[in-house]
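Asker: Below you will find the structure I want to go over with you.
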Ligand SMILES: Cc1cc2nc3c(=O)[nH]c(=O)nc-3n(C[C@H](O)[C@H](O)[C@H](O)COP(=O)(O)OP(=O)(O)OC[C@H]3O[C@@H](n4cnc5c(N)ncnc54)[C@H](O)[C@@H]3O)c2cc1C
(Lines of atoms letter the chains of each structure in order from A and count residues from 1; the text may use other names and numbers.)
(Lines give C-alpha, C1' and ligand atoms only; values in the text may rest on other atoms or scores of the structure.)
Protein backbone atom coordinates (compact mmCIF):
# COMPACT_ATOMS: atom_id res chain seq x y z
CA UNK A 1 0.00 0.00 0.00
CA UNK A 2 1.51 3.36 -0.95
CA UNK A 3 1.86 6.09 1.62
CA UNK A 4 0.85 9.71 1.16
CA UNK A 5 2.91 12.22 3.10
CA UNK A 6 1.60 15.36 4.82
CA UNK A 7 3.38 17.72 7.16
CA UNK A 8 0.55 17.45 9.69
CA UNK A 9 -2.19 14.84 10.09
CA UNK A 10 -5.12 15.56 12.39
CA UNK A 11 -7.48 12.79 13.45
CA UNK A 12 -10.92 14.19 14.31
CA UNK A 13 -12.55 17.09 12.48
CA UNK A 14 -14.31 18.77 15.41
CA UNK A 15 -13.59 22.33 16.53
CA UNK A 16 -10.27 21.38 18.14
CA UNK A 17 -9.02 19.36 15.16
CA UNK A 18 -10.01 22.01 12.64
CA UNK A 19 -8.19 24.74 14.52
CA UNK A 20 -5.08 22.65 15.14
CA UNK A 21 -4.79 21.91 11.42
CA UNK A 22 -5.35 25.53 10.43
CA UNK A 23 -2.86 26.98 12.94
CA UNK A 24 -0.19 24.36 12.21
CA UNK A 25 0.03 25.36 8.54
CA UNK A 26 -1.01 29.04 8.68
CA UNK A 27 1.14 31.33 6.55
CA UNK A 28 3.33 28.46 5.31
CA UNK A 29 3.41 25.96 2.47
CA UNK A 30 3.04 23.05 4.87
CA UNK A 31 0.37 20.47 4.03
CA UNK A 32 -2.30 19.08 6.37
CA UNK A 33 -4.84 16.28 6.25
CA UNK A 34 -7.93 16.39 8.46
CA UNK A 35 -9.46 12.96 8.99
CA UNK A 36 -13.09 12.72 10.13
CA UNK A 37 -15.14 9.55 10.47
CA UNK A 38 -18.55 11.26 10.70
CA UNK A 39 -19.25 14.95 10.12
CA UNK A 40 -16.64 17.68 9.71
CA UNK A 41 -17.48 20.17 12.45
CA UNK A 42 -17.66 17.47 15.12
CA UNK A 43 -19.90 16.92 18.10
CA UNK A 44 -20.16 20.63 18.87
CA UNK A 45 -21.62 21.68 15.52
CA UNK A 46 -24.29 19.02 15.04
CA UNK A 47 -24.94 17.27 18.34
CA UNK A 48 -23.88 19.42 21.28
CA UNK A 49 -23.23 23.16 21.74
CA UNK A 50 -24.98 24.53 18.66
CA UNK A 51 -28.25 22.57 18.68
CA UNK A 52 -28.56 22.76 22.46
CA UNK A 53 -28.19 26.53 22.50
CA UNK A 54 -30.60 26.82 19.56
CA UNK A 55 -33.15 24.95 21.68
CA UNK A 56 -32.48 26.98 24.82
CA UNK A 57 -32.52 30.53 23.49
CA UNK A 58 -36.26 30.70 22.61
CA UNK A 59 -37.16 29.81 26.21
CA UNK A 60 -34.84 32.50 27.53
CA UNK A 61 -36.36 35.08 25.19
CA UNK A 62 -39.85 34.02 26.19
CA UNK A 63 -38.93 34.37 29.87
CA UNK A 64 -37.61 37.88 29.23
CA UNK A 65 -40.74 38.85 27.32
CA UNK A 66 -42.98 37.62 30.12
CA UNK A 67 -41.01 39.73 32.61
CA UNK A 68 -41.42 42.93 30.59
CA UNK A 69 -44.69 44.80 31.04
CA UNK A 70 -45.93 46.28 27.79
CA UNK A 71 -44.51 43.44 25.73
CA UNK A 72 -46.65 40.53 24.66
CA UNK A 73 -45.00 37.24 23.78
CA UNK A 74 -46.26 33.79 22.99
CA UNK A 75 -44.72 30.46 22.22
CA UNK A 76 -42.46 28.77 21.86
CA UNK A 77 -43.84 27.28 18.65
CA UNK A 78 -42.10 23.92 18.83
CA UNK A 79 -42.03 23.30 15.07
CA UNK A 80 -40.40 26.69 14.45
CA UNK A 81 -37.85 26.18 17.22
CA UNK A 82 -36.90 22.78 15.80
CA UNK A 83 -36.71 24.21 12.27
CA UNK A 84 -34.33 26.96 13.48
CA UNK A 85 -32.27 24.32 15.29
CA UNK A 86 -32.08 22.31 12.05
CA UNK A 87 -30.93 25.41 10.20
CA UNK A 88 -28.11 25.90 12.71
CA UNK A 89 -26.95 22.30 12.31
CA UNK A 90 -27.28 22.57 8.51
CA UNK A 91 -29.58 19.54 8.60
CA UNK A 92 -26.39 17.63 9.42
CA UNK A 93 -24.87 18.45 6.05
CA UNK A 94 -21.18 19.26 6.57
CA UNK A 95 -20.38 20.52 3.06
CA UNK A 96 -19.71 24.06 4.30
CA UNK A 97 -17.11 22.69 6.75
CA UNK A 98 -15.53 20.64 3.98
CA UNK A 99 -15.39 23.77 1.81
CA UNK A 100 -13.83 25.71 4.69
CA UNK A 101 -11.10 23.05 5.08
CA UNK A 102 -10.30 23.18 1.39
CA UNK A 103 -10.22 26.98 1.44
CA UNK A 104 -7.74 26.79 4.35
CA UNK A 105 -5.59 24.42 2.22
CA UNK A 106 -6.37 21.47 4.49
CA UNK A 107 -7.24 18.19 2.79
CA UNK A 108 -10.40 16.69 4.31
CA UNK A 109 -10.40 12.89 4.32
CA UNK A 110 -13.56 11.09 5.38
CA UNK A 111 -12.83 7.89 7.26
CA UNK A 112 -11.84 6.43 10.60
CA UNK A 113 -8.18 7.00 11.38
CA UNK A 114 -5.86 5.09 13.66
CA UNK A 115 -2.22 5.17 14.60
CA UNK A 116 -0.19 2.25 13.26
CA UNK A 117 3.29 3.45 14.18
CA UNK A 118 5.48 6.50 14.66
CA UNK A 119 4.04 9.32 12.47
CA UNK A 120 2.04 6.68 10.62
CA UNK A 121 -1.75 6.61 10.28
CA UNK A 122 -4.21 4.31 8.53
CA UNK A 123 -7.58 5.61 7.45
CA UNK A 124 -10.48 3.28 6.65
CA UNK A 125 -12.44 5.10 3.94
CA UNK A 126 -15.34 3.97 1.78
CA UNK A 127 -12.79 3.34 -0.98
CA UNK A 128 -10.47 1.22 1.13
CA UNK A 129 -7.61 1.82 3.51
CA UNK A 130 -5.29 4.79 2.98
CA UNK A 131 -1.89 5.08 4.65
CA UNK A 132 -0.70 8.53 5.64
CA UNK A 133 2.70 9.54 6.96
CA UNK A 134 3.32 12.77 8.87
CA UNK A 135 6.56 14.66 8.35
CA UNK A 136 6.12 16.76 11.50
CA UNK A 137 3.08 15.93 13.60
CA UNK A 138 0.01 13.82 14.21
CA UNK A 139 -2.70 15.50 16.28
CA UNK A 140 -5.37 13.45 18.04
CA UNK A 141 -8.64 15.40 18.31
CA UNK A 142 -11.19 12.62 18.41
CA UNK A 143 -13.30 13.96 21.29
CA UNK A 144 -15.57 11.86 23.45
CA UNK A 145 -18.77 9.85 23.24
CA UNK A 146 -21.69 9.55 25.68
CA UNK A 147 -21.40 6.95 28.43
CA UNK A 148 -24.32 4.56 28.93
CA UNK A 149 -24.47 3.86 32.67
CA UNK A 150 -24.08 0.37 33.98
CA UNK A 151 -27.63 -0.01 35.25
CA UNK A 152 -29.36 -3.32 34.43
CA UNK A 153 -31.68 -2.91 31.45
CA UNK A 154 -30.56 0.59 30.40
CA UNK A 155 -28.67 -0.44 27.30
CA UNK A 156 -31.48 -2.73 26.11
CA UNK A 157 -33.98 0.13 26.58
CA UNK A 158 -32.20 2.14 23.84
CA UNK A 159 -32.22 5.36 25.87
CA UNK A 160 -31.65 8.77 24.36
CA UNK A 161 -28.16 10.19 24.71
CA UNK A 162 -27.39 13.90 24.34
CA UNK A 163 -27.39 13.39 20.56
CA UNK A 164 -31.09 12.45 20.62
CA UNK A 165 -31.94 15.16 23.12
CA UNK A 166 -30.33 17.94 21.07
CA UNK A 167 -31.75 16.58 17.82
CA UNK A 168 -35.19 15.71 19.12
CA UNK A 169 -37.96 15.59 16.53
CA UNK A 170 -40.75 15.21 19.10
CA UNK A 171 -41.02 16.40 22.68
CA UNK A 172 -41.73 13.38 24.87
CA UNK A 173 -44.54 14.04 27.36
CA UNK A 174 -42.93 12.19 30.27
CA UNK A 175 -39.13 11.99 30.47
CA UNK A 176 -36.60 10.72 32.98
CA UNK A 177 -33.06 12.09 32.86
CA UNK A 178 -30.34 10.19 34.66
CA UNK A 179 -27.68 12.68 35.74
CA UNK A 180 -27.32 16.10 37.33
CA UNK A 181 -24.47 17.71 35.42
CA UNK A 182 -24.44 20.38 32.75
CA UNK A 183 -25.98 18.28 29.97
CA UNK A 184 -28.74 17.00 32.27
CA UNK A 185 -29.62 20.48 33.56
CA UNK A 186 -29.65 22.12 30.14
CA UNK A 187 -31.69 19.26 28.66
CA UNK A 188 -34.30 19.49 31.44
CA UNK A 189 -34.48 23.24 30.81
CA UNK A 190 -35.28 23.01 27.11
CA UNK A 191 -37.63 20.03 27.50
CA UNK A 192 -39.67 21.98 30.03
CA UNK A 193 -39.64 25.06 27.82
CA UNK A 194 -40.73 23.05 24.79
CA UNK A 195 -43.69 21.61 26.65
CA UNK A 196 -42.69 18.27 28.22
CA UNK A 197 -45.23 17.77 30.99
CA UNK A 198 -43.17 15.69 33.42
CA UNK A 199 -39.37 15.78 33.45
CA UNK A 200 -37.86 13.79 36.30
CA UNK A 201 -34.16 14.22 36.98
CA UNK A 202 -32.61 11.31 38.83
CA UNK A 203 -29.46 12.57 40.51
CA UNK A 204 -27.09 10.31 42.40
CA UNK A 205 -25.50 13.07 44.50
CA UNK A 206 -26.85 15.67 46.88
CA UNK A 207 -27.03 18.48 44.33
CA UNK A 208 -26.98 19.51 40.69
CA UNK A 209 -23.75 20.76 39.06
CA UNK A 210 -21.57 19.18 41.76
CA UNK A 211 -18.45 21.19 40.96
CA UNK A 212 -20.19 24.58 41.10
CA UNK A 213 -20.46 26.95 44.05
CA UNK A 214 -23.21 25.62 46.31
CA UNK A 215 -25.43 28.68 45.86
CA UNK A 216 -25.26 28.22 42.09
CA UNK A 217 -26.39 24.59 42.33
CA UNK A 218 -29.28 25.69 44.55
CA UNK A 219 -30.38 28.48 42.20
CA UNK A 220 -30.30 26.22 39.15
CA UNK A 221 -32.30 23.61 41.09
CA UNK A 222 -34.88 26.22 42.12
CA UNK A 223 -35.11 27.45 38.52
CA UNK A 224 -35.84 23.96 37.25
CA UNK A 225 -38.44 23.30 39.95
CA UNK A 226 -40.09 26.66 39.21
CA UNK A 227 -40.90 25.49 35.70
CA UNK A 228 -43.57 23.29 37.25
CA UNK A 229 -42.59 20.51 34.86
CA UNK A 230 -39.28 19.41 36.36
CA UNK A 231 -38.91 17.23 39.43
CA UNK A 232 -35.39 16.81 40.75
CA UNK A 233 -34.84 13.72 42.83
CA UNK A 234 -31.52 13.86 44.64
CA UNK A 235 -29.78 10.78 46.13
CA UNK A 236 -31.61 8.71 43.53
CA UNK A 237 -30.26 6.06 41.21
CA UNK A 238 -32.43 3.64 39.26
CA UNK A 239 -31.78 -0.01 40.10
CA UNK A 240 -33.41 -1.50 37.04
CA UNK A 241 -34.81 -0.27 33.74
CA UNK A 242 -37.17 -2.03 31.36
CA UNK A 243 -38.90 -0.97 28.18
CA UNK A 244 -41.81 -2.31 26.24
CA UNK A 245 -40.95 -2.89 22.56
CA UNK A 246 -37.64 -1.01 22.31
CA UNK A 247 -37.03 0.05 18.72
CA UNK A 248 -34.24 1.97 17.04
CA UNK A 249 -36.47 4.50 15.33
CA UNK A 250 -33.66 6.98 14.67
CA UNK A 251 -32.04 9.98 16.30
CA UNK A 252 -34.41 12.11 18.36
CA UNK A 253 -37.45 9.88 17.87
CA UNK A 254 -39.13 7.94 20.67
CA UNK A 255 -37.29 4.63 20.91
CA UNK A 256 -40.21 2.28 21.61
CA UNK A 257 -42.87 1.83 24.26
CA UNK A 258 -42.97 3.22 27.79
CA UNK A 259 -39.90 2.84 30.01
CA UNK A 260 -40.19 1.69 33.61
CA UNK A 261 -37.49 2.62 36.11
CA UNK A 262 -37.27 0.85 39.44
CA UNK A 263 -36.29 3.35 42.14
CA UNK A 264 -35.75 2.89 45.89
CA UNK A 265 -39.30 3.88 46.70
CA UNK A 266 -41.28 2.54 43.77
CA UNK A 267 -41.51 2.67 40.00
CA UNK A 268 -41.47 5.54 37.55
CA UNK A 269 -42.96 5.20 34.06
CA UNK A 270 -41.89 7.58 31.29
CA UNK A 271 -42.17 7.86 27.52
CA UNK A 272 -38.44 8.36 27.04
CA UNK A 273 -35.28 7.94 29.09
CA UNK A 274 -32.26 10.20 28.66
CA UNK A 275 -28.84 9.27 29.98
CA UNK A 276 -26.53 12.18 30.80
CA UNK A 277 -23.96 10.43 32.91
CA UNK A 278 -20.69 11.61 31.44
CA UNK A 279 -18.42 11.08 28.49
CA UNK A 280 -15.71 8.58 27.53
CA UNK A 281 -12.71 9.30 25.30
CA UNK A 282 -13.11 8.29 21.64
CA UNK A 283 -9.82 6.41 21.64
CA UNK A 284 -11.02 2.81 21.61
CA UNK A 285 -9.95 2.08 18.03
CA UNK A 286 -7.34 4.80 17.72
CA UNK A 287 -4.28 2.55 17.92
CA UNK A 288 -2.85 4.11 21.08
CA UNK A 289 -1.16 0.79 21.82
CA UNK A 290 0.76 1.06 18.53
CA UNK A 291 2.70 3.99 19.99
CA UNK A 292 2.97 2.58 23.50
CA UNK A 293 0.14 4.57 25.11
CA UNK A 294 -2.40 3.07 27.51
CA UNK A 295 -6.12 3.11 26.62
CA UNK A 296 -8.25 6.06 27.71
CA UNK A 297 -7.63 9.79 27.59
CA UNK A 298 -4.37 10.98 26.04
CA UNK A 299 -2.26 12.78 28.60
CA UNK A 300 -0.42 15.84 27.32
CA UNK A 301 1.95 18.52 28.60
CA UNK A 302 1.34 22.26 28.30
CA UNK A 303 2.53 22.18 24.68
CA UNK A 304 -0.24 19.62 24.02
CA UNK A 305 2.45 17.04 23.27
CA UNK A 306 1.55 13.48 24.28
CA UNK A 307 3.42 12.40 27.38
CA UNK A 308 5.60 9.30 27.19
CA UNK A 309 5.89 9.34 23.38
CA UNK A 310 9.48 10.11 22.36
CA UNK A 311 10.23 12.55 19.53
CA UNK A 312 7.55 15.21 20.21
CA UNK A 313 5.52 14.28 17.11
CA UNK A 314 2.23 13.24 18.73
CA UNK A 315 -0.21 15.81 20.12
CA UNK A 316 -3.74 15.73 21.55
CA UNK A 317 -6.21 18.61 21.75
CA UNK A 318 -9.80 19.06 22.86
CA UNK A 319 -11.94 16.70 24.89
CA UNK A 320 -9.69 13.72 24.18
CA UNK A 321 -6.93 15.04 26.47
CA UNK A 322 -9.34 15.53 29.40
CA UNK A 323 -8.01 18.95 30.39
CA UNK A 324 -11.17 21.03 29.95
CA UNK A 325 -14.03 19.50 27.97
CA UNK A 326 -15.41 22.66 26.38
CA UNK A 327 -15.34 23.82 22.79
CA UNK A 328 -13.68 27.14 23.54
CA UNK A 329 -10.96 25.40 25.55
CA UNK A 330 -10.39 22.79 22.84
CA UNK A 331 -10.01 25.55 20.28
CA UNK A 332 -7.64 27.42 22.59
CA UNK A 333 -5.50 24.31 23.01
CA UNK A 334 -5.59 23.85 19.24
CA UNK A 335 -4.24 27.37 18.70
CA UNK A 336 -1.39 26.68 21.12
CA UNK A 337 -0.76 23.25 19.60
CA UNK A 338 -0.76 24.60 16.04
CA UNK A 339 1.70 27.33 16.99
CA UNK A 340 3.94 24.75 18.70
CA UNK A 341 3.90 22.47 15.64
CA UNK A 342 4.68 25.40 13.34
CA UNK A 343 7.57 26.59 15.51
CA UNK A 344 9.06 23.11 15.82
CA UNK A 345 8.67 22.53 12.07
CA UNK A 346 10.55 25.76 11.39
CA UNK A 347 13.19 25.11 14.05
CA UNK A 348 12.11 28.14 16.10
CA UNK A 349 12.37 28.07 19.90
CA UNK A 350 9.14 27.92 21.90
CA UNK A 351 9.73 31.37 23.33
CA UNK A 352 6.68 33.24 24.56
CA UNK A 353 3.45 32.51 26.35
CA UNK A 354 1.51 31.51 23.24
CA UNK A 355 3.32 28.17 23.24
CA UNK A 356 1.94 27.16 26.65
CA UNK A 357 -1.68 26.19 27.36
CA UNK A 358 -1.79 27.98 30.70
CA UNK A 359 -5.53 28.73 30.68
CA UNK A 360 -6.27 25.03 31.20
CA UNK A 361 -5.03 25.44 34.74
CA UNK A 362 -7.56 27.07 37.07
CA UNK A 363 -8.65 29.65 34.48
CA UNK A 364 -11.44 27.88 32.61
CA UNK A 365 -14.58 29.89 31.84
CA UNK A 366 -17.89 28.09 31.45
CA UNK A 367 -21.52 29.06 30.96
CA UNK A 368 -24.39 26.68 31.72
CA UNK A 369 -27.42 27.91 29.78
CA UNK A 370 -30.05 26.98 32.33
CA UNK A 371 -32.65 29.43 33.57
CA UNK A 372 -31.08 31.16 35.48
CA UNK A 373 -27.75 30.95 33.67
CA UNK A 374 -24.68 29.84 35.56
CA UNK A 375 -21.41 31.47 34.56
CA UNK A 376 -18.09 30.71 36.20
CA UNK A 377 -14.36 31.18 35.76
CA UNK A 378 -11.44 29.81 37.69
CA UNK A 379 -11.62 28.32 41.14
CA UNK A 380 -14.62 27.94 43.42
CA UNK A 381 -14.07 28.81 47.07
CA UNK A 382 -13.88 25.11 47.89
CA UNK A 383 -11.27 24.38 45.23
CA UNK A 384 -9.23 27.49 46.04
CA UNK A 385 -9.01 26.49 49.69
CA UNK A 386 -8.19 22.91 48.73
CA UNK A 387 -5.39 24.23 46.50
CA UNK A 388 -3.88 26.00 49.52
CA UNK A 389 -4.56 29.64 48.64
CA UNK A 390 -5.23 32.24 51.34
CA UNK A 391 -8.85 32.86 50.40
CA UNK A 392 -11.57 35.31 51.17
CA UNK A 393 -14.83 35.82 49.33
CA UNK A 394 -17.36 38.49 48.66
CA UNK A 395 -20.85 37.83 47.37
CA UNK A 396 -24.15 39.60 46.91
CA UNK A 397 -27.41 39.58 45.04
CA UNK A 398 -27.23 41.24 41.65
CA UNK A 399 -29.55 44.18 42.21
CA UNK A 400 -28.56 47.35 40.37
CA UNK A 401 -30.49 49.77 38.21
CA UNK A 402 -29.44 47.90 35.08
CA UNK A 403 -30.67 44.52 36.30
CA UNK A 404 -34.01 45.95 37.45
CA UNK A 405 -34.42 47.72 34.12
CA UNK A 406 -33.48 44.63 32.13
CA UNK A 407 -36.47 42.64 33.38
CA UNK A 408 -39.00 42.87 36.20
CA UNK A 409 -38.19 39.46 37.65
CA UNK A 410 -34.39 39.76 37.69
CA UNK A 411 -32.89 37.58 40.40
CA UNK A 412 -29.16 37.04 40.41
CA UNK A 413 -26.26 36.34 42.69
CA UNK A 414 -22.53 36.87 42.28
CA UNK A 415 -19.50 35.67 44.19
CA UNK A 416 -15.83 36.51 43.88
CA UNK A 417 -13.08 34.30 45.26
CA UNK A 418 -10.06 36.40 46.23
CA UNK A 419 -6.45 35.43 46.82
CA UNK A 420 -5.75 37.66 49.83
CA UNK A 421 -1.99 37.31 49.49
CA UNK A 422 -1.91 38.87 46.04
CA UNK A 423 -5.23 40.75 46.32
CA UNK A 424 -6.48 39.31 43.02
CA UNK A 425 -9.33 37.16 41.77
CA UNK A 426 -8.99 33.39 41.68
CA UNK A 427 -12.52 32.79 40.54
CA UNK A 428 -15.97 34.20 40.03
CA UNK A 429 -19.47 32.76 39.76
CA UNK A 430 -22.48 34.68 38.49
CA UNK A 431 -25.99 33.25 38.37
CA UNK A 432 -28.96 35.03 36.82
CA UNK A 433 -30.59 35.87 33.52
CA UNK A 434 -28.03 36.26 30.72
CA UNK A 435 -25.17 36.34 33.26
CA UNK A 436 -23.03 34.42 30.77
CA UNK A 437 -22.54 37.70 28.95
CA UNK A 438 -20.98 39.17 32.13
CA UNK A 439 -18.33 36.46 32.38
CA UNK A 440 -15.60 37.74 30.12
CA UNK A 441 -14.76 40.68 32.39
CA UNK A 442 -14.10 38.19 35.17
CA UNK A 443 -12.08 36.00 32.82
CA UNK A 444 -9.82 38.95 31.97
CA UNK A 445 -9.44 39.81 35.66
CA UNK A 446 -8.49 36.22 36.57
CA UNK A 447 -6.19 35.55 33.61
CA UNK A 448 -4.64 39.03 33.78
CA UNK A 449 -4.12 38.67 37.55
CA UNK A 450 -5.60 42.15 37.85
CA UNK A 451 -5.28 43.48 41.41
CA UNK A 452 -8.60 44.40 42.99
CA UNK A 453 -7.25 47.91 43.53
CA UNK A 454 -6.92 48.23 39.75
CA UNK A 455 -10.40 46.81 39.14
CA UNK A 456 -11.69 49.71 41.23
CA UNK A 457 -10.77 51.95 38.28
CA UNK A 458 -12.57 49.75 35.73
CA UNK A 459 -15.80 51.72 35.93
CA UNK A 460 -18.95 49.92 34.76
CA UNK A 461 -21.29 51.92 32.54
CA UNK A 462 -24.57 53.13 33.98
CA UNK A 463 -27.20 51.68 33.87
CA UNK A 464 -25.71 48.39 32.70
CA UNK A 465 -26.16 45.09 34.54
CA UNK A 466 -22.36 45.03 34.88
CA UNK A 467 -22.65 47.68 37.59
CA UNK A 468 -22.89 44.74 40.00
CA UNK A 469 -19.06 44.69 39.71
CA UNK A 470 -19.01 48.05 41.49
CA UNK A 471 -21.24 46.70 44.25
CA UNK A 472 -18.93 43.69 44.63
CA UNK A 473 -15.85 45.91 44.84
CA UNK A 474 -17.56 48.23 47.31
CA UNK A 475 -18.46 45.22 49.44
CA UNK A 476 -14.89 43.99 49.17
CA UNK A 477 -13.52 47.42 50.19
CA UNK A 478 -15.80 47.53 53.21
CA UNK A 479 -14.79 44.02 54.15
CA UNK A 480 -11.06 44.72 53.79
CA UNK A 481 -11.41 47.84 55.94
CA UNK A 482 -12.79 45.86 58.89
C1 LIG B 1 -25.13 18.30 24.87
C2 LIG B 1 -23.80 18.99 24.93
C3 LIG B 1 -23.78 20.37 24.94
C4 LIG B 1 -22.56 21.04 24.98
N5 LIG B 1 -22.58 22.41 25.01
C6 LIG B 1 -21.42 23.08 25.05
C7 LIG B 1 -21.40 24.50 25.05
O8 LIG B 1 -22.44 25.16 25.04
N9 LIG B 1 -20.20 25.13 25.06
C10 LIG B 1 -19.02 24.44 25.08
O11 LIG B 1 -17.97 25.05 25.10
N12 LIG B 1 -19.00 23.08 25.08
C13 LIG B 1 -20.17 22.40 25.06
N14 LIG B 1 -20.15 21.02 25.03
C15 LIG B 1 -18.84 20.32 24.96
C16 LIG B 1 -18.34 20.34 23.51
O17 LIG B 1 -19.28 19.72 22.66
C18 LIG B 1 -17.00 19.64 23.40
O19 LIG B 1 -16.11 20.18 24.35
C20 LIG B 1 -16.41 19.81 22.01
O21 LIG B 1 -17.24 19.29 21.02
C22 LIG B 1 -15.03 19.14 21.95
O23 LIG B 1 -14.46 19.37 20.69
P24 LIG B 1 -13.42 18.32 20.09
O25 LIG B 1 -13.01 18.89 18.77
O26 LIG B 1 -12.41 17.99 21.09
O27 LIG B 1 -14.25 16.97 19.88
P28 LIG B 1 -15.58 16.67 19.07
O29 LIG B 1 -16.39 17.86 18.82
O30 LIG B 1 -16.20 15.52 19.80
O31 LIG B 1 -15.05 16.17 17.66
C32 LIG B 1 -14.30 14.99 17.55
C33 LIG B 1 -14.49 14.45 16.16
O34 LIG B 1 -13.59 13.37 15.98
C35 LIG B 1 -14.23 12.39 15.19
N36 LIG B 1 -13.54 11.11 15.40
C37 LIG B 1 -13.54 10.34 16.50
N38 LIG B 1 -12.75 9.27 16.32
C39 LIG B 1 -12.23 9.38 15.08
C40 LIG B 1 -11.34 8.59 14.32
N41 LIG B 1 -10.79 7.47 14.81
N42 LIG B 1 -11.03 8.98 13.06
C43 LIG B 1 -11.58 10.12 12.54
N44 LIG B 1 -12.43 10.90 13.23
C45 LIG B 1 -12.75 10.55 14.48
C46 LIG B 1 -15.66 12.41 15.68
O47 LIG B 1 -16.53 11.87 14.70
C48 LIG B 1 -15.88 13.90 15.92
O49 LIG B 1 -16.44 14.52 14.79
C50 LIG B 1 -21.36 20.31 25.01
C51 LIG B 1 -21.37 18.92 25.01
C52 LIG B 1 -22.59 18.26 24.97
C53 LIG B 1 -22.59 16.75 24.95
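Using N, Cα and C of the backbone, Cβ positions are placed for all residues, glycine too.
The annotation FAD binding site is assigned in TrEMBL to 53, 113, 319. Taken from TrEMBL, the feature NAD(+) binding site covers 179, 180, 181, 182, 183, 184, 185, 186, 278. The feature disulfide bond is assigned by TrEMBL to 44-49. According to TrEMBL, the domain 'FAD/NAD(P)-binding' annotation covers 6-332. Residues or ranges marked as domain 'Pyridine nucleotide-disulphide oxidoreductase dimerisation' in TrEMBL: 364-468.
Could you place the listed features in the three-dimensional structure?
Answerer: A helical conformation is recorded for residue 53 (FAD binding site) in the three-state DSSP classification. Taking Cβ-Cβ distances under 8 Å and a sequence gap of 6 or more within the same chain, the neighbours of residue 53 (FAD binding site) are 369.
In the three-state DSSP scheme, residue 181 (NAD(+) binding site) falls into the coil class.
Around residue 49 (disulfide bond), the same-chain residues at least 6 positions away in sequence with a Cβ under 8 Å from its Cβ are 327.
Taken together, the residues of the domain 'Pyridine nucleotide-disulphide oxidoreductase dimerisation' (364-468) have an average pLDDT of 98.
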Asker: Record lists 53, 113, 319 as binding FAD; longest Cα-Cα distance in Å?
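Answerer: Max span of the FAD binding residues, Cα based, is 30 Å.
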Asker: Within 10 Å of the Cβ of residue 185 (NAD(+) binding site), how many other Cβ atoms are there?
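Answerer: Its Cβ has 29 other Cβ atoms within 10 Å.
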Asker: For a quick check of understanding: among the binding-site residues 179, 181, which residue's Cβ has the most other Cβ atoms within 10 Å?
Answerer: 179
Asker: For ligand 1, pick out the binding-site residues 113, 278, 319 that have a CB under 6 angstroms away from one of its atoms.
Answerer: 113, 319
Asker: Are there any residues in the same chain, six or more apart in sequence, whose C-beta is under 8 angstroms from the C-beta of residue 113 (FAD binding site), and if so which?
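Answerer: Residues satisfying the criterion: 9, 11, 35, 37, 121, 122, 123, 124, 132, 286.
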Asker: Check each residue in the chain of residue 319 (FAD binding site) that is at least six apart in sequence and keep those whose C-beta is under 8 Å from its C-beta; list them in sequence order.
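Answerer: Long-range Cβ contacts: 16, 43, 143, 144, 279, 281, 325, 330.
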Asker: Determine which residues of the same chain, besides 179, 180, 181, 182, 183, 184, 185, 186, 278, have their CB within 8 A of the center of the CB atoms at the recorded NAD(+) site, and list them by sequence.
Answerer: 177, 187, 208, 209, 276
